[in-house]
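Here is what Swiss-Prot says about this protein:
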type    : residues                       : note
BINDING : GLY164, GLU179, LYS180, SER190 : alpha-D-glucose 1-phosphate binding site
Amino acid sequence: MKNEMLALILAGGQGTRLGKLTQSIAKPAVQFGGRYRIIDFALSNCANSGIHNVGVITQYQPLALNSHIGNGSSWGLDGINTGVSILQPYSASEGNRWFEGTSHAIFQNIDYIDSINPEYVLILSGDHIYKMDYDDMLQSHKDNNASLTVAVLDVPLKEASRFGIMNTDANNRIVEFEEKPENPKSTKASMGIYIFDWQRLRNMLVVAEKSNVDMSDFGKNVIPNYLESGESVYAYEFAGYWKDVGTVESLWEANMEYINPENALDSRNRRWKIYSRNLISPPNFLSENAKVEDSLVVDGCFVDGTVKHSILSTGAQVRKDAVIEDSVIMSGAIIGQGAKIKRAIIGEGAIIAEGVEIDGTEEVFVVGYNEKVGVPKDED
């Protein structure tokens, strides 16, 4: 039976710009907003868009990500005709091959895609924060009779050189594409979200592999090839909230924006929920000493200090006289008595010892996964 569209989430990135936060886990598994992981947004968009089959392509440090996704039940992807599959590099008759780029990861999973037999494939990045109706994008793809549709976002001209930039005609047909140009001619930036007619993409990737032609990356190789070949390539304009959280500063900034109850992400919209795998935790405890202002405090937290404009993730602890300001405290982290934390991201399971002062005013301060700061070695 032919399925209309299969979603493939590229979730194998190492995320080196996030430093300590991704030393032990893949970037899409990094926590966000107190109760989510970054990949939850792409998975939830799929669920809300009525996409029943999702493949998650992993590579770097996949354990936490695999555990988080499980059988997909948190996103309703565990039914009879639905499913989520974890796709990792594997050994084939030609030998072991790591994914060499975004489109190479798709080529390496042709057998899986063929088993789903989709008419269209939706390619997504697993490390962006946004809400989007992919069904609306698919309808645009059909209306334009496109071979490829690229989701685009208007960005400030000064930031355009960080993205793949498209020039379009009056009908939004893409006539030129430049990957991270020094002098961009447009401000229409690729969001790394693509809809392809599967058979056309499949044929191109197979021919390129047999001919030893480099087609390993969508931005550098595939999109330019489509344009040169005269394929119908269209832009789908997106005007909602979208955040690339690939740096410490952008991740911190997105979390701070999320605190606002009227945030641009519209997090309280019940018609487009963001789902996640949430373990059952005890209720929060706020002592008589606790002072919490303009903050998000998730289940299982213990607060005996002061928290201002910050996020406390599941099971975080803030001991007596500790002060947290403009910071993200991830799950299970412990902030010791009298510690002072300002403009920082404290990783999962980290311990900040009594009296330690962290000030990220000049540059957001990061404490890594299970890292201990100020803890004597004999107590380590």
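Backbone N, Cα and C define each Cβ position, glycine as well.
Distribution of Swiss-Prot features across the structure.
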residue	record	Cβ neighbours (10 Å)
GLY164	alpha-D-glucose 1-phosphate binding site	23
GLU179	alpha-D-glucose 1-phosphate binding site	15
LYS180	alpha-D-glucose 1-phosphate binding site	14
SER190	alpha-D-glucose 1-phosphate binding site	21
With an 8 Å cut-off on Cβ distance to the GLY164, GLU179, LYS180, SER190 Cβ center, who else from the chain surrounds the alpha-D-glucose 1-phosphate site?
PHE163, ILE165, PHE177, GLU178, PRO181, ALA189, GLY219
Considering all pairs of residues in GLY164, GLU179, LYS180, SER190, annotated in the record as contacting alpha-D-glucose 1-phosphate, what is the maximal C-alpha distance expressed in whole angstrom?
10
Give the helix, strand or coil assignment DSSP yields for LYS180 (alpha-D-glucose 1-phosphate binding site).
coil
